[in-house]
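Worksheet for the structure shown next.
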Amino acid sequence: MQKLINSVQNYAWGSKTALTELYGIANPQQQPMAELWMGAHPKSSSRITTANGETVSLRDAIEKNKTAMLGEAVANRFGELPFLFKVLCAAQPLSIQVHPNKRNSEIGFAKENAAGIPMDAAERNYKDPNHKPELVFALTPFLAMNAFREFSDIVSLLQPVAGAHSAIAHFLQVPNAERLSQLFASLLNMQGEEKSRALAVLKAALNSQQGEPWQTIRVISEYYPDDSGLFSPLLLNVVKLNPGEAMFLFAETPHAYLQGVALEVMANSDNVLRAGLTPKYIDIPELVANVKFEPKPAGELLTAPVKSGAELDFPIPVDDFAFSLHDLALQETSIGQHSAAILFCVEGEAVLRKDEQRLVLKPGESAFIGADESPVNASGTGRLARVYNKL
């Protein structure tokens, strides 16, 4: 088991203070520190220190010894560490995104390769043939949007802005999935005078409407005053996660992170179709083809964890990763899995022991446990988060 040396991604939407306040990570240049990455992603792999004191990339170390480090089932199925674990610190809204399902990712990736679209081209949608399921676990109060509201809810919220666009009136007449799809595309397609008029109607409604989701629209409009994505809180569930609550983000479901600090776990993929709140390229036909226009009640969005002793397991409907929390005590408990694991100290102090080796993790620190090192004993105070595979 090795302590991970992790990198910070300095995206513009990141908080300049959260990682310092929570975990003491220095920020002398006062840059936005958006994400702390833990894993073996080719873009920015964590590093480990070998027995002879050399620092190497975790990705390279796994590549040399896949079966021992990943476990046979994961090595055969995925051929690499199949997840990326992050601390995400949003000071301002991220773009609304949709992740294609596995089959569409494979088809889209092959199609764009055949068309010769460069990987770094603005119009490139598919960077790899994988899907991108995600779990987000709140460390602070965390504001997000996820999945379409129930149609009756959308109807009542759209009434004050019915005059903003003909597609809104069209949906209000017959609120069904087909017309929601047309409305979604129409709002994203708005240009020039049509867009200015629609946003003026929305902003006028803000003066008379109180509470949610109008307050969320006000927050977003500070950063994206001229973006048609400002209509999205009327269509999507606005979710406020309390610390300790989590939700899973399914493929083909629009979602956005708006504000707060969370742990995020995802499959190793960069496939993103944008759907607003962004200056970047939006491929509207491809987006609409990859969205399920079906309602999901807000009450069904939270993941219900299963408690077993000191472990809290968050059920995940895919094999790419599993996520659990462990309450630590002075008495050692065994933590084991048939795969690699990344253990992250959420709070307190964790002591990990394997035979004669002992590793201490302070808040914000993490360790990599190879499959061949499982199980390890854990003790201390506070909580550990564990990401692994149940294969």
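Backbone N, Cα and C define each Cβ position, glycine as well.
Going by Swiss-Prot, these are the annotated features:
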BINDING   GLN97, HIS99, GLU134, HIS255  Zn(2+) binding site
ACT_SITE  ARG274  active site
Residue pair HIS255 (Zn(2+) binding site), the residue listed as 'active site' - Cα distance, angstrom, rounded: 10
Inter-residue C-alpha distance, GLN97 (Zn(2+) binding site) and ARG274 (active site) (nearest angstrom): 5
Chain-mates of GLN97, HIS99, GLU134, HIS255 with C-beta within 8 Å of site centroid, Zn(2+): VAL98, LYS132, LEU249, THR253, PRO254, VAL272
Distance, ARG274 (active site) to HIS99 (Zn(2+) binding site) (CA atoms, angstrom): 9
Residue, out of the recorded positions HIS99, HIS255, ARG274, whose Cβ gathers the largest set of other Cβ atoms within 10 Å: HIS99
Other C-beta atoms that fall within 10 angstroms of the C-beta of GLN97 (Zn(2+) binding site): 22
For GLU134 (Zn(2+) binding site), the number of other Cβ atoms found within 10 Å of its own Cβ: 24
Between GLU134 (Zn(2+) binding site) and ARG274 (active site): CA-CA distance (Å): 16
Where HIS99 (Zn(2+) binding site) falls in three-state DSSP terms: coil
